[in-house]
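**Q** In case it helps, TrEMBL gives these features for our protein:
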TRANSMEM  A:9-27  transmembrane segment
DOMAIN    A:95-304  domain 'ABC transmembrane type-1'
TRANSMEM  A:99-122  transmembrane segment
TRANSMEM  A:134-158  transmembrane segment
TRANSMEM  A:178-200  transmembrane segment
TRANSMEM  A:235-261  transmembrane segment
TRANSMEM  A:281-307  transmembrane segment
Amino acid sequence: MGVFILKRLLSAVPVLFMVAVIVFLVLRLSPGDPAVMIAGPNATPDQLAALRDAMGLNEPLLTQLFVWLGQILSGDFGVSLVSGQPVTHLIMDRFGPTLSLSIVTLIIAVVVAIPLGVVAAWQQGKLLDRLVMAGSVLGFSVPVFIIGYTMILIFARILGWFPVQGYKPLSDGFGEFAIRLVLPAVSLSFPYIALIARIVRTNVIEVMNEDYIRTARAKGLTERGVLMGHALGNAAVPIITIIGVSIAMLIGGVVVTESVFNIPGLGRLVLEAVLARDYTVIQSVILLFSTIYVFINLVVDLLYSLFDPRIRY
Amino acid sequence: MTDIASAPKVVLSVEELRVDLVPAGEKPIVRNINFQVMEGETVCIVGESGSGKSVTSMAVMGLLPKGSLAVTGGRILLDGEDITRVSATRMRELRAAGVAMVFQEPMTALNPVQRVGEQIDEVLRLHRKWSSAERKKSVLDMLERVHLPDVQRIYRSYPHQLSGGQRQRIVIAMALILRPRLLLADEPTTALDVTTQKQILRLIRELQDEERTAVVFVTHDFGVVSEIADRIVVMNRGELVETGSCDKILSDPADDYTRMLVSSVPSLIPRCGPIEKTPKVLDVVGLSKTYGKKGFGKSGNLVHAANGVNFTVRKGEITGIIGESGSGKSTVARCVIRLTDPSEGAVLVNGNDIASTNNLKAVRKKVQYIFQDPYRSLNPRRTIAQSLMEGLVNYGMADAEAYAKAAETLELVGLPAGVMGRYPHQFSGGQRQRIAIARALVMKPDLLIADEAVSALDVSVQAQVLDLFETIRKRTGIAVLFITHDLRVAAQICNSIVVMQRGQVVEAGTAADVLSAPQHPYTQTLIAAAPAPGWDFQNFRPSRAV
């Protein structure tokens, strides 16, 4: 097990290196000049040239790449080209809101989706199953921002139960923190509920045809006991897989949700950085997301062995 | 029967049972079934696939698949209580406590993600109000009664950590821990090796004698039947053909179907003489296959699936490799056609070593393979013609010519050429295996490898397919490497036999020598474990040779 974890961590190194190189090249090859963005429309060509020189943009591409990689290795992620603040600070400031939103979303998704999926599997082909499945198509296909604005309209504007927008950190008190996260987390969780419920349903149905389910029935278990005691545990591996994938997809989802609900998180940071061609920030955030993703994959693999004793590393 | 007090009590009484499809089809799946099982008695329900024997046993268990099958007539009395009319709650109470079941596949009958001890414990939790210490003690006792070693460790094991035989003991322990009145065993030994099968049969008998349990044993194997049955119920196409005592059915069956079924059981007496003069088609020399990583100097995980294996197959000869699961027989076969690369040794096909050749295309033209399961070895989305022609066209034959060849080969295996446009699902298991054989033969190979090619077939179909192999061998002079775990099948068809155990050849020789005068203790064990070695099924009498 220890060897496995070590191997997986080591194998993350080349992955992250390649992510870094690709991110760097894609950004440099895409149109747009950060110097123009910073200097503004009234800058003279001389001013622009000087600015470029100062920012290191006149160096050959490879030199820029190696300078940047060297800085990362020494823990220096650079300063924002736009605001001049250290990127590490910017990310640290924005990390809390995004982490809170993601975790709450994920909890809602899992807690709602697994029972829905199991019920749909149990009632396969009947009305309840069809309702759940129809709902899941809807939840997966309606864009997050539409769900978000609709929920703001109903629950914040009309009913006035929740604040319209904004974010308060946990240090300002749990009530303040929680009440502002409900709407964004619920609207963001829709597609994940749909996705996870579907996977749960399919896998539970598949498992219910296995021989050991017949054995369980032959013991005199109730259908509920069979589902909970024997079917769900055996369907766990694909369910965990899809939850892992969902976490990766969440990273894309938060960008939109944070904009809709005006939450100062990493998603907003990326959006602003992209619009401003703030290379150092974009690169660092993408590297951070990749690291998280590699780590989640490792956790998912380790969880497999927790749920299925046949899997050992 | 005169003394009422000592007369055995009827435990199970099935009366005019009828099971229908839901919604009802034209003809009930199972109809007019009548039989009784007494205390301490073993009744075997025998029949081929589709006879309704499993449906009958599932009906007794109240486990017919909901929404697709239902009991529509008759009664099933368990100690006088009609279980077709009891409530769902009462039926759940009866399961495990009144009627328990042992299933065919010990590999899949246990929940893979739960410890086996907990799975047995669950039965007690459901039906008894005991403390966890009482339950644990009871489970450990039961594990000992099914003769499992080191019961504390077994209790904590997961199914995948146990062998097939051990898993079946767990399933039996689970079924019998509440001392049910009736045990239903649906092909409980079919998936096991013969030596394991013998132990499991003995175990069921032993526990049955202790508790006076009534046993219904569903099987297709007359060898097993002759060893354990007190009475036999023969079923065919959903109907009861004949019931009678074991002796009566085996020695003097009244019905033609029963006669056919009993006489289809292959004899253990070898039929085919040796073949010595013809050239060697296959010569395997010192073949070894090792699995596991070498590296960092550790050799702990190396598995020798085959170790220094030598044998030959001559033109027109059928050489059998027999052995139990894990003996390496399939590994050898896969090395011969290079589906697996051998680690060491030479495989000479017509004198050319193919063990390390890169020209696999040439190898595959000379050597063809028939797999065990005819239901899965044909591509379901291709017509028979497409499956048969694919190989020929791959080797550059024109479509029209390939089609003609395919039609010709189909007739050789006893199927009309008119079926070429059909798909595999439109055929029975036996017909599919004929198609699989045709698919191999159409390439005109010098060597045919048949890996358990008749194991998945009913005995009557098995007999026909074995005849087909014999006919093909005579007509084409093809060499056949025949892999099987079944000594009876080997005795019917093989000229010479190689016995493998744990990757090594322990005995080799002519079929007559190996089967009639085995030298190696392992071969002797195998022959002794084969069910009913002393009965000559073809002639309905005890055999003289063994």
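Don't overthink the numbers, they just go from 1 along the chain as shown.
Cβ atoms here come from the backbone N, Cα and C positions, even for glycine.
Whatever TrEMBL says is automated annotation, not expert-curated.
A description of the local structural setting of each listed feature is requested, covering burial, neighbours and distances.
**A** Within the chain, the transmembrane segment (A:99-122) has long-range Cβ neighbours (under 8 A, six or more residues past its boundaries) at 128-129, 132-133, 170, 177, 181, 184-186, 188-189, 192-202, 204-205, 208, 223, 227, 231-232, 239, 243, 246-247, 250-251, 253-254, 257-258, 263, 265.
Residues 164-165, 183-184, 186-188, 190-191, 193-195, 197-198, 253, 256-257, 259-261 of the same chain lie 6 or more positions beyond the ends of the transmembrane segment (A:134-158) yet place their CB under 8 Å from a CB of it.
Long-range contacts of the transmembrane segment (A:281-307) within the same chain: residues 1, 5, 8-9, 12, 15-16, 19-20, 23-24, 27, 68, 72, 77-78, 80-82, 87-88, 90-91, 233, 236-237, 240-241, 243-244, 247-248, 251, 266, 269-270, 273-274, 313, each at least 6 residues beyond the stretch ends and with a Cβ under 8 Å from a Cβ of the stretch.
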**Q** Are there residues at least 6 beyond the ends of the transmembrane segment (A:9-27) whose Cβ is under 8 Å from a Cβ of it, and what are they?
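**A** Residues 61, 64-65, 68-69, 72, 279, 282-283, 286-287, 290-291, 294-295, 298 contact the transmembrane segment (A:9-27) from elsewhere in the chain.
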**Q** Give the nonlocal contacts of the transmembrane segment (A:235-261) in its own chain as ranges (CB under 8 Å, at least six residues past its ends).
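**A** For the transmembrane segment (A:235-261), the sequence-distant neighbours (Cβ-Cβ under 8 Å, at least 6 residues beyond its ends) are 97-98, 101-102, 105-106, 109-110, 114, 143-145, 148-149, 152, 165-167, 183-184, 187-188, 191-192, 195-196, 199-200, 203-204, 206-207, 267-268, 270-271, 289, 292-293, 296-297, 299-300, 303-304, 307-308, 311.
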